[in-house]
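Asks: What follows is a single structure, and I will ask about it in a moment.
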Amino acid sequence: MKHFRCVSVHCWLLLYVITYALGGGLIFYELEYEASKSHWNEQIDKKNLCIILRKLKNYSDETVKHLEHCWKADIDKTKEWNYITSTLYGFGIITTLGYNHVAPSTVAGRLFSIIYGVLGIPVTMIAIAVSGRHLNTLIASWRRKLETFQVRNWDCEVNLENDKEREKEKNEETSSGYVTIIIIGSFLTYVLFGGLLLPLLNGKIDFINGLYYNFLCLAAIDFGQLIPERIALLPITFVYVCVGLALATIAIG
């Protein structure tokens, strides 16, 4: 019953983080969309001007300067304020990973970022810590089973008390080594799984780059490439990142 209650609390915390991120994304979208729309309209006007200038036969110096500006990078949709990028921006705040593709330009958006982070970061950190505790408990149970198995095998072969004490210490060292291998192996397997998951989310990044970007995310270096194509995939992304951060914390510890 106690174990069920702990799992229930863990699930409710993750659900709260997901709901908080989705709700925050909606608010960020409402606060920033109009300003973002005006910015992109200006970019479109500049592109239209480029098209007109290219059709001119006689170029003045001013026309040449405009054309040079036309060869700059095209509009990047990942830097546009839509619901997905708004939600990822909010999730980047509460997980402290950051999402550097977009940034609020309005005063209301910046003030809300502060309030949103102050209220959301503590709960998110608790959710990640609880996830890590559950994973650590699971690994500890595997270790106890391994130690029990080793002690039983030893009892069948050794009867001297001194040898038993030395063998017990040896078993503890061996089991600790096994636990370390299990933790690191679990983290690497999780990254491999993410390498397969990421291309399914956005349909663009290949497996090798998926591994690279997943490792950057779970190592709390960069969160910017985990961009799902559909809103329905956002909860999957959030759960993957939260569990991955918990596993990374255990592996580093």
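Just so it is clear, glycine is given a Cβ too, placed from its N, Cα and C backbone atoms.
Sharing the record's features from TrEMBL:
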TRANSMEM  12-31  transmembrane segment
DOMAIN    77-133  domain 'Potassium channel'
TRANSMEM  81-99  transmembrane segment
TRANSMEM  111-132  transmembrane segment
TRANSMEM  178-198  transmembrane segment
TRANSMEM  210-227  transmembrane segment
TRANSMEM  233-252  transmembrane segment
Asks: Please work out the mean pLDDT for the residues of the domain 'Potassium channel' (77-133).
Replies: 89
Asks: Six or more residues beyond either end and a Cβ under 8 Å away: which residues meet both conditions relative to the transmembrane segment (111-132)?
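Replies: Contacts of the transmembrane segment (111-132) (Cβ under 8 Å, skipping residues fewer than 6 from its ends): 9-10, 13-14, 16-17, 20-21, 24, 27-28, 31, 90, 93-96, 104, 242-243, 245-247, 249-250.
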Asks: Go ahead and report the DSSP secondary structure tallies for the domain 'Potassium channel' (77-133): helix first, then strand, then coil.
Replies: 42 helix, 0 strand, 15 coil
